[in-house]
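Reviewing the structure listed below.
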Amino acid sequence: MAYNSFPYLCIFLPLCWVAWAVLPQRYRPAALLGGSLVFYWLTAGTYTVWLLLAAALTWALGLGLGRLQQLQEAALPGLDKPARKEAKHQFAALQRGMVTAGVIGLLGLLIWLKYLPFLVRTLNSALSLLPFAWQVAAPSFVQPLGLSFFTLMALSYLFDVRRGTTQPAEHYWQVLLYLSFWPHVVEGPFDRWAQISPALLNPPKPNYRAFTFGVQRILWGMMKKLIIADRANMYVKAVFDNWPSYSGSAVVVATLLYTLQLYAEFSGCMDMVLGAAECFGVPLAENFRQPFFASSVSEFWRRWHITLGAWLREYLFQPVIVSKPMMRFGKWCRTRFGAALGRSLPVWAGLLLTWLAIGLWHGAGWLYVVYGLYYFLLQWLGEVAEPTLLRLCPSLPRWRTRRWYKLWQALRTFVLVNFGMLLFRSNGTRAALEMLASLRRPYEGSLLIKLDAQDLWVLVIGALVLLAVDLLHERGIAIRESIARRPLPLRWAIYCGGMLAVMIFGAYGDNYDPAAFIYAQF
């Protein structure tokens, strides 16, 4: 049941909201949990069992970690210093054991269902180089809906309970609601337990402002998905799925349209997700912040899929660079390569691991490894080249404050990101390399591939509207707040205009093959 489908928008979502609104406050969490489980079951069927098991493991280990923390706080005050130190060591070992069990259980499930076929294929490729013919049968699994998303949220819950920054949930259903909450279970964002549990467990009263703001955001997401993304998909699919037939300008246009498609679709999905949650008074984390105004690749990734980057930075990159093995590695580097490299190499190693994780999170394949390495190399080259650039051009810091240079940085970043998008959308590394090579060959055919002139105009106007809205947001203008201050007739004229735009210009119908949400497969 897709977020932009008729059953979801016109049946499921209204019924859930009515049930949530009419029930007494103490029963509203039950309405959210019931709706979430119904949504997941209708979408994933029997694979719901994996979600139930992940929630059970997370809840049990979180409860155990909380109980150990209570025992430690009760036991330490009555001990002398040596005994207190020994007790702390023992409690820490028990907590590490519980967290390790959670990591093995949750990541083991993720690796088994998502990455095992890729690992077996890689092993078979290596075995084919040997003189004897021996292959391992490659398993085939259906990945449960939102597996990568609820796995990382479950891990963040355990890590936060272990650190003592959040209190564990007392009841299983509370963790299950956190992981299965239908607005974020398919494509995120990666919400923290401490941030959304108050609204999930103690829902606010129905609020007209929250409801109307949520509906506005759902409508804006629908416009981005149906008018822009799904229309661009017709061109993108034709070129990338039949790439040997195209070259030059056709590949350039397809790449640009895929960048537009992915941004409009993913950010549009987040608008639908956050809008739906807002109707229920649940504040989910923002996942986008005008990424194409970024002045560097690093800044782009701080604006694009924000919660994934924040998760990996807090739970992977930072723990890795301050770990004992990495500290020893840094010390070894300083003794052999000097203080500067000794400080930099551990950070680069942590960045490499993080970018590989980003690539593999998006998919189980070598193409995604190359995708992660591409962005690592861009970031690494930017940092390495910075001192040289400052020596060659002392005016560079002053230029960076100028508008023309900021525009140049944004255009440069946009071009680099589009190369990454070509890699990301290609049907394998070979296809990506050949498509890059084909850029040198002119394309002789018509550029109106699967799109007529009317479709192209709708797409261009939709992209310009999206750019204008992003520009207003970048300047700090709250559009929904501005609409709310307008007279009631004007507000409803805007709402009706948006609905009519989706109905008239949306890409759907009997002869249209609808595109599934891209990030739902991750």
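Cβ coordinates are placed from backbone N, Cα and C, and glycine is handled just like the others.
Per TrEMBL, transmembrane segment is recorded for 37-61 (among others).
The transmembrane segment annotation in TrEMBL covers 91-112 (among others). Distant neighbours of the transmembrane segment (91-112): 50, 53-54, 57-58, 61, 64-65, 68-69, 71-72, 119, 141, 147-148, 151, 154-155, 158-159, 162; these residues of the same chain sit at least 6 beyond its ends, with a Cβ under 8 Å from one of its Cβ atoms.
As annotated by TrEMBL, transmembrane segment applies to 132-159 (among others).
According to TrEMBL, the transmembrane segment annotation covers 337-358 (among others). Beyond its flanks by at least six residues, the transmembrane segment (337-358) meets 308-309, 312-313, 316-317, 320-321, 326-327, 329-331, 369, 372-373, 375-376, 379-380, 383 of its own chain at Cβ-Cβ distances under 8 Å.
Within its own chain, the transmembrane segment (403-424) is flanked in space by residues 251, 255-256, 258-259, 262, 292-297, 299-300, 362, 367, 370-371, 374-375, 378, 432, 435-436, which lie at least six positions past its ends and keep a Cβ under 8 Å from the stretch. Among the features that TrEMBL reports, transmembrane segment is placed at 403-424 (among others).
Counting same-chain residues at least six beyond the ends of the transmembrane segment (456-472), those with a Cβ under 8 angstroms from any Cβ of the stretch are 220, 223-224, 227-228, 231-232, 257, 260, 264, 290, 292-293, 448, 479, 505. Annotation comment: TrEMBL describes 456-472 (among others) as transmembrane segment.
Taken from TrEMBL, the feature transmembrane segment applies to 492-509 (among others).
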Which sequence-distant residues neighbour the transmembrane segment (132-159)? Criterion: at least 6 residues beyond either end, Cβ under 8 Å. 40, 43-44, 47-48, 50-51, 54-55, 57-58, 61-62, 65, 98-99, 102-103, 106-107, 109-110, 112-114, 116-117, 120-121, 123-124, 166, 175, 178-180, 184-188, 190-193, 311, 315, 361, 520-522
Within the same chain, where does the transmembrane segment (492-509) have neighbours whose Cβ lies under 8 angstroms from its own Cβ atoms, ignoring anything closer than 6 residues to its ends? I mean 6 or more beyond. 215-216, 219-220, 222-223, 226-227, 230-231, 233-234, 458, 462, 483, 486
